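Novice: So TrEMBL says this about it:
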ACT_SITE  CYS301  active site
ACT_SITE  HIS360  active site
ACT_SITE  ASP383  active site
BINDING   ASN423, ASP425, GLU472, GLU477  Ca(2+) binding site
DOMAIN    293-386  domain 'Transglutaminase-like'
Amino acid sequence: MSRQVSCRFKSCKNLAEDQIDGSVGTGNKGVRVTKVDWQQSKNAAAHHTQDYPGPELVIRRGQLFSLTLDLSGVLDSEEALIFTVETGPHASEALHTKAIFQTAELEIGDTWTAAKEEQTENTITVSLASPSNAVIGRYLLSARASSRRKHSDRKLGQFILLFNPWCPEDDVFLDSEEERQEYVLNDSGIIFRGVEKHIRAQGWNYGQFEEDILNICLSILDRSPRHQDDPATDVSHRHDPVYVTRIISAMVNSNNDRGVVQGQWQGKYGGGTSPLNWRGSVAILQKWFKSRYKPVKYGQCWVFAGVMCTVLRCLGIATRVVSNFNSAHDTDGNLSVDKYVDSYGRTLEDLTEDSMWNFHVWNESWFARQDLGPSYNGWQVLDATPQEESEGMFQCGPASVTAIREGDVHLAHDGPFVFAEVNADYITWLWHEDQRRERVYSDTKKIGRCISTKAVGSDSRVDITGLYKYPEGSRKERQVYSKAVKKLLSIEAWGRRRRIRRAGGVRGVWRDDLLEPATKPSITGKFKVLEPPVLGQDLKLALCLTSLTARAQRVRVNLSGATILYTRKPVAEILRESHTVKLGPQEEKKIPVTISYSQYKEDLTEDKKILLAAMCLVSKGEKLLVEKDITLEDFITIKVLGPAVVGVAVAVEVLVINPLSESVKDCTLMVEGSGLLQGQLSIEVPSLQPQERALIQFNITPSKSGPRQLQVDLVSSQFPDVKGFVIINVATAK
C-alpha cells in the first residue's frame, strides 16, 4: 500500500530554515537555491486561507502565489529557474499530477507557470500560478537554476492546493462574496430539525480551520477504496468536484470503507456516543484520525451532513446543510411511500418497507457540471447518510437540484432517489386480518415540505422548496412528475434493468396506471394542540371532527399514540382508546386527548417525538386517517455578560430549568465553540428540584474575531439533552 505524500518530506516551515549542505549538485556550476520564504501571510491573505493553522502554505488553484528564494550567487538575467510540482504517489505529467515549468511570461491557464518578479544580488522573488483545473491536494515543490543539470533539484518543501470558489475559471466558482463567506469560510452553522409544524434550529460547529482538520480531510480521500485500489489514477481525478464530492459522500459513512461515522437508528448507543450528543464535526474527525481510521460511533443524518459540510468547505467547495421535512425513503423506486396500518392507525412494520422520516438532512455543494452541461450547474445534492447503495457503494450524488426540479432523473448521479425524497406520494393502506388491504384517505402530498437551510449572514431559516419542485398541485408540477415517471419507466434511470414494483406488491406496473384513489370521506379531522407540548409535562390535545354533509352520522374513532424516532419508527405504544361520536349536519365535535408524563417518560427517545393517529371509521365504509407528529419542547437561555474581544476573558451566563416533576442529579453543561474556547468545556450543575431554575456562569476567552457560535447543552441521564446556542460577535483587540 502506497505511503501518503505527507509522510515523505519535511514541512515547508522546517525546510525554509535549512541551508544547502553541498550534497545537492556538488561539483556543478551554476547558482543554487539555499533558502525559501513562502510568504505565508501575504499568500494566505490573497487566497483566503489565513485561518488554516500552519505550518504548511495553503493556497487555492488558478491564482498567483509568491515565493522568495535565497541563492548561492547572482542569477543571470538570461537564466531561468525550473520548478517541479508533484502530488500523490507515482506522480506523472501524463496524469497531470506532476508539472515541470520554468520562469517566463506569467499566465494563468491550463498549465503551471512562473515568472521572476524582483531580484537583488542573491535573492529573487518569483510568482507561480496553478491551472484552475489543477488536482487538489498536498504538493512537493522543487527548484533548480537552468544552468544546473537535471536531477539536481532543490526540494523546497510542501504546500496544499485547494479548490478556488473565488476563481471564475474554477468549476467551483461562486459569484457572490457574501455566499463565499457563508458557504466556504463560516466555521459554524445551523441545522434544522423537528417536524414540519415545529422546526427547531440546532447549532453545529463545522470547525474546518481547527488543528489537523485539513490534514484529516486529505486523509479521508487517501483512505477511499478508489485510492487504495489505484492511488495514482485516483489522485489524477481530484481536479473534478463531481469526483471528489462523490468520494466524500461515500467516505463520511462507514458502510463500505471504514469511513468516518457509523450510523445507528435503533435508539441504542452502547459503546459509542448518541448522535444527539455531538455538537460539531471536529471531535468526530479527530477521533477517527487518532484511532487510525476506526469508524466513530454513532451518527444519524444531521451528523453525516455536518461532517460532510466540514470536509467540503475545508477543501474549498461552497457547501451548505439542507433539511427536508417529511422526507421519503422510497425503497423500490415507484415514487410512492406505502404505509400499512391496523385499525388503530398503528404502523405495521413487517409490511411497511418504505418510510417517511420527520426530517432528513443532506448537503448541497455549488459547482459546474461539465459532465451534464451548463443547464445543470449550481447547487448539487450530496447525501452521506447510508440509505441505499449506488454503484455498489453507500453514496449519493452529486444530483443537480435543477435536474430534480425539472424531472430529469436519468442524469447522474442518483436522481431517482433524491426526486422521490421530495416528490413521492404518501399512500396509506388499512391491513385487515384476512390479509386484505384497503386504501385509506389521508394527505398524499405531505412529502417534501419546508426544505430549509440557514440564511446567508444570519441565523434565519430560508425555505428553498421552490428550488426542488414547482408549487404542489400546479400544472407545471404535474408535468414534471409525469416526465420523471416516464424516465424512470425507461429503466436507464437506475443504470440497470429492474422490475419496478407497484404500490402494494403488484410488480411491473405503476400505481398511477391502476391505483384508484381513496374515496374522500364525508368528514374532516385534525389534531389541535391545546397547550404547548413541554418535556416533563402532560400533553393536552383535541381531535376535531367536522361533518361535511347535511345528514347525521356516527363515527368510530380508534386512537393510538407511540413514542417514535425521527424516522417515524415506533418505539413503544403509550396510548390506545376508542370513542364513538355522533355528528349532526355540518357539526364539529372535539375529542379530548391527554397523555400524562408518566405514560411517555420511560419510552421517550432522545428525539423527543410522539406520533398520534386516529383511524376514523365512518358509516357507509368511509375511512379517514388523521396523524399528528409532536416534538416536546425544552428550555435553555444563554447570555454573554459584556463585550467579547480577542484575548480577553468574558463571562457567559446560562439559565437552565429542570423540566421534570421530580428532582434530577448529575446534570452537566457541555460547552463548545470554535474560536471561543479550546476543545470542549464540561461544567457540573448542582442537583435541581422539580421545575427549579438555575443560573450557571463561566468564562470564555475568544481567540478569533468575527461572529462565533457558542453551543451549550444541558446533559442528564434522566431526560434527553437540552440544546442551545448563541452567536457572539468578537471584536479584535485594540
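Positions of Cβ are set from backbone N, Cα and C atoms, glycine also.
Curation does not apply to TrEMBL; its annotations are automatic.
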Novice: Can you grab the distance from GLU472 (Ca(2+) binding site) over to HIS360 (active site)? Cα atoms, rounded to a whole Å.
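Specialist: Approximately 20 Å lies between the Cα of GLU472 (Ca(2+) binding site) and that of HIS360 (active site).
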Novice: Hey, of HIS360, ASP383, GLU477, which of those recorded positions are within 10 Å of CYS301 (active site), Cα to Cα?
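Specialist: For CYS301 (active site), the recorded positions whose Cα atoms are within 10 Å come to HIS360, ASP383.
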Novice: Quick one: pull the CA-CA distance for HIS360 (active site) versus GLU477 (Ca(2+) binding site), whole Å only.
Specialist: 22
Novice: What is the average pLDDT across the domain 'Transglutaminase-like' (293-386)?
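Specialist: Result for the domain 'Transglutaminase-like' (293-386): average pLDDT 96.
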Novice: Write out how many residues of the domain 'Transglutaminase-like' (293-386) are helix, how many strand and how many coil, based on DSSP.
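Specialist: When I sort the residues of the domain 'Transglutaminase-like' (293-386) into the three classes, I find 18 helix, 40 strand, 36 coil.
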Novice: Give me the sequence-ordered set of same-chain residues, not including ASN423, ASP425, GLU472, GLU477, with a C-beta within 8 angstroms of the centroid of the Ca(2+) site's C-beta atoms.
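Specialist: So the additional residues around the site are LYS445, ILE447, GLY448, LYS469, GLY473, ARG478, TYR481.
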Novice: Using ASP383 (active site) as the reference point, find which of the binding-site residues ASN423, ASP425, GLU477 has the shortest Cα-to-Cα distance to it.
Specialist: ASN423
